[in-house]
Structures are given as structure tokens and as C-alpha cells.
């Protein structure tokens with residue numbers, strides 16, 4: 001189950017079920033006749049935090065929302081659980097999740113007792129979160145332990161807004177050059193070239209023959225479907241069943257804001273959309289070339 005909330009900057013917040021589990025984080029049996037003190041060091045928050053940004057990469061699927069390799073951020077995690085017949089709830093904010101805070105505790109363990117520290121761990125798309133919460137239990141040595149039980153575990157994650165084919169307006173940005181695909185007039189045809197303006201919009205369509213790229217900024221009415229010319233230039237033509245107007249994307253549906261894709265032409269099957277410094281334009285479809293392009297949802 002999942003629910004979503006549309007946010008600014010091309011992202012949406014989605015609530016999803018995640019896996020959480022109580023584990024034995026630390027245990028000590030004091031078989032002596034006097035109390036002992038033990039120092040416990042723990043890390044609360046994200047496990048193996050190694051990114052300068054909050055963007056993570058899914059290493060396994062998460063319902064219908066995340067696929068392996070998809071980028072996402074964790075906004076919060078909430079878990080309800082039962083311990084000693086009492087129901088409780090605990091949550092972590094984004095700041096707490098990403099902090100990876102190292103904490104030291106000193107505990108006193110009575111004689112002939114066992115100390116057990118239960119830790120609540122969560123997994124969100126392959127990212128481990130340690131010590132969401134902890135419960136300390138002191139029992140007689142050999143006595144049965146009261147293991148906490150997870151009732152429900154949910155996370156709010158930030159993912160790129162879904163690109164709905166035939167509907168969502170997008171920008172197409174060259175991943176390496178960080179310039180946008182724009183449309184200019186060349187030889188009395190609308191033609192694709194890179195530029196700094198982010199005002200040029202496109203819509204992706206799909207039919208039985210492949211993906212189609214429609215410009216919303218043609219200067220020649222009706223000439224709006226991207227195709228590869230025989231010389232490799234990218235122009236916009238009237239709609240037809242010409243396979244030169246069809247493209248294969250490197251990423252499976254659904255597409256989302258921020259996805260990085262390549263475009264391979266369905267007529268020139270060994271050629272892909274790329275940057276090349278031409279005489280008047282610099283977006284081409286060339287053999288054995290498939291540059292990476294970033295899809296950005298236009299906020300409406």
C-alpha cells in the first residue's frame with residue numbers, strides 16, 4: 001500500500017510499507033556477586049552513510065514505487081510495536097535518519113542478572129537505519145526474554161514525480177553538459193540543439209512502434225515530432241508512422257523526474273541521440289553513440 005503527496009521541484013512524497021525488526025543489540029550476563037558497569041557505543045540513524053546529499057539508490061524493490069537503481073530520499077520512518085502487552089509508536093525525522101549519531105551509554109548491571117538491549121532497525125529500499133529506538137531489559141540469567149514485536153512499519157520517501165506518457169510536460173537535459181534541448185529554425189525546419197534556456201518543453205508519447213518525442217515549442221505549426229534525418233540531425237516533422245520518429249529508451253516504465261536515460265533510434269538501430277558539435281546545431285543521432293539525458297518534470 002502507498003499514498004502520495006505532490007511537492008515542488010519535481011518531487012512527490014510517497015508513504016510505503018517497509019521492513020522493521022527488533023534485534024538484540026547488546027547482551028551481558030553478570031554472574032558475579034556485585035554490580036558491574038558496561039559502556040555501550042551505538043550509532044543511531046542511517047547505516048553506512050557515505051553521501052554528501054540526501055539522495056539514495058534503491059538496492060531492492062519497494063512495492064510498486066521503487067525499482068533497483070531508482071534514486072530516492074527518506075523523509076521519515078514510523079513504527080508501531082508491542083512490548084510487554086503494551087502498544088507503542090516511535091518515529092524518526094529526516095534529520096534523525098541522516099544524522100548517523102554515535103552515542104555512548106554506561107549501564108549498571110545488577111549481580112546474577114542479564115542485561116539485554118533491544119534495538120529497532122528499519123530497511124528502506126535497501127538503506128539500513130539502526131537504533132530507531134531501544135529497549136533495555138534486565139532479567140534473571142536463563143529466564144525467557146520478552147522480545148518486542150513490530151505491528152506496522154511505514155516510511156515517507158521522496159521520489160521524482162511520475163512522468164505520464166502523453167501528458168506530463170518535461171525538459172530534456174544533457175547529463176554531461178548540463179544544457180537543455182531547445183528548438184531552433186534550421187533550413188526552414190524546427191531542429192534540436194542544446195542551450196541554456198529551460199523554457200523548452202516536451203511530452204513523451206508511446207505507440208506500438210516505440211517512444212515519440214513531441215516539442216511544445218515549434219515555430220512551424222504541426223512540425224513537432226522528433227526524428228533523425230539520414231545525415232543524423234534531429235528535426236521535428238509532422239506526425240507519421242515513420243520509424244525515424246520512434247525511439248527506444250534505456251529505462252523501463254514508469255519514468256520519473258530525474259531519471260537518466262538514453263534514446264536509441266528505431267530506424268537507425270545502432271544510433272543514439274547525442275551531442276556533436278555541428279555547423280548549426282549540436283544534437284544528433286549518430287552511430288554507436290548514446291549520450292545520457294536527464295528528464296525533468298516541468299512544475300505546473
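Cβ coordinates come from backbone N, Cα and C, glycine included.
Around residue 284 (N-(acyl)-sphingosylphosphocholine binding site), a 10 Å sphere centred on its CB holds 23 further CB atoms from the protein chains shown. Residues annotated as N-(acyl)-sphingosylphosphocholine binding site in Swiss-Prot, with similarity to another entry given as evidence: 187, 229, 235, 284.
Other Cβ atoms within 10 Å of the Cβ of residue 274 (disulfide bond), summed over all protein chains shown, number 22. Here Swiss-Prot flags 274-285 as disulfide bond.
What Swiss-Prot records for 12-35 (among others) is region 'N-terminal cap domain'. When pLDDT is averaged over the region 'N-terminal cap domain' (12-35), the result is 95.
The region 'Beta-hairpin domain' annotation in Swiss-Prot covers 36-109.
Annotation source Swiss-Prot lists region 'N-terminal cap domain' at 110-158 (among others), citing similarity to another entry.
Positions annotated as region 'C-terminal receptor-binding domain' by Swiss-Prot: 159-299.
In the three-state DSSP reading, residue 22 (site 'Crucial for binding sphingomyelin and inducing hemolysis') counts as strand. What Swiss-Prot lists as site 'Crucial for binding sphingomyelin and inducing hemolysis' is 22 (among others).
According to Swiss-Prot, the site 'Crucial for binding sphingomyelin and inducing hemolysis' annotation covers 247 (among others). Taken residue by residue with DSSP, residue 247 (site 'Crucial for binding sphingomyelin and inducing hemolysis') is part of a strand. A simple way to gauge crowding: the CB of residue 247 (site 'Crucial for binding sphingomyelin and inducing hemolysis') has 26 other CB atoms within 10 angstroms, across all the protein chains here.
Long-range Cβ proximity for residue 293 (site 'Crucial for binding sphingomyelin and inducing hemolysis'), meaning a same-chain Cβ under 8 A and a gap of 6 or more residues, is found for 172, 173, 174, 175, 181, 260, 261, 262, 263, 273. Annotation comment: Swiss-Prot describes 293 (among others) as site 'Crucial for binding sphingomyelin and inducing hemolysis'.
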Residue 229 (N-(acyl)-sphingosylphosphocholine binding site) versus residue 274 (disulfide bond) - Cα distance in angstrom:
14
Residues sitting near the region 'N-terminal cap domain' (12-35): Cβ under 8 Å, six or more positions beyond its termini, same chain?
1-6, 42, 62-63, 65-66, 75, 77, 79, 81, 108-125, 131-132, 134-135, 141, 147-150, 153-162
Those recorded positions, out of 22, 247, 285, that come within 10 angstroms of residue 229 (N-(acyl)-sphingosylphosphocholine binding site) at the Cα:
285
Residue among recorded positions 22, 247, 285 with Cα closest to the Cα of residue 187 (N-(acyl)-sphingosylphosphocholine binding site):
285
